[in-house]
Amino acid sequence: MSESTLHVRYLGQQDYESVWHAMQEYTDNRDSSSPDQLWIVEHPPVFTQGQAGKSEHILNPGDIPVIQVDRGGQVTYHGPGQLVAYPLINIKRLKIGVRQLVTDIENSIVQMLENYQVKAYAKADAPGVYVDERKVASLGLRIRKGCSFHGLALNVDMDMSPFQRINPCGYAGLEMVQCKQLGGPQTVEEAGEQLVKTFSHNLGYQNLVHHQGLSQSYE
């Protein structure tokens, strides 16, 4: 398998737990020749609590389920109208560390938004992407066997009110913002298409192979 090939899977809207378990399965079963993949998905409303998550940051979940997961970071929200992207990357094979992967992901979002004349930036002390101190994208990864899973969530055109039920990423009073308000991509499909371009460029992938949905083998 060429190290310069990235397989991009478009999953549509999928239940969070089924995609999470599929990511785990792919990571656990992959070997040195397994292709790197980027999964593009939307989830129904769900709060996910990272390994470092504290329960006091979940203020009033109401009817939205809370799932404890095995990624870094604190609590965040996923829902329709949000682009979620999961990079399943063999960072050992790419000879980069997790910090570099985080930087590459953040830069991919920043560069994508720059194409819409939106000035975004990352913060060294608080992973994610921001515009005028408001957070537009959240980030949480897990590395296992030298390979990444979990990923990023970019707010595109969604109901933002569930963020008020939590302290997003563990920060009380953190204001969230979405691309629609900023003049960025207006649909999840558009955002996904643009993110694939900047992400694949930043990670050095020269060939893209596109798939719809998940196959049993993920190949």
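Glycine too: its Cβ is placed from the backbone N, Cα and C atoms.
Going by Swiss-Prot, these are the annotated features:
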- 32-207: domain 'BPL/LPL catalytic' (DOMAIN)
- Arg71, Gly72, Gly73, Gln74, Val75, Thr76, Tyr77, His78, Ser138, Leu139, Gly140, Gly151, Leu152, Ala153: substrate binding site (BINDING)
- Lys135: site 'Lowers pKa of active site Cys' (SITE)
- Cys169: active site, acyl-thioester intermediate (ACT_SITE)
What is the number of other Cβ atoms found within 10 Å of the Cβ of Tyr77 (substrate binding site)?
26
Cα separation, Lys135 (site 'Lowers pKa of active site Cys') to the residue listed as 'active site, acyl-thioester intermediate' (Å, whole number):
10
Rounded Cα separation (Å) that holds between Leu152 (substrate binding site) and Lys135 (site 'Lowers pKa of active site Cys'):
12
What number of additional C-beta atoms lies within 10 angstroms of the C-beta atom of Gly140 (substrate binding site)?
24
Annotated substrate contacts Arg71, Gly72, Gly73, Gln74, Val75, Thr76, Tyr77, His78, Ser138, Leu139, Gly140, Gly151, Leu152, Ala153, maximal Cα-Cα distance (Å, integer):
16
Given the recorded positions Val75, Leu152, Cys169, which one has the fewest other C-beta atoms within 10 angstroms of its C-beta?
Cys169
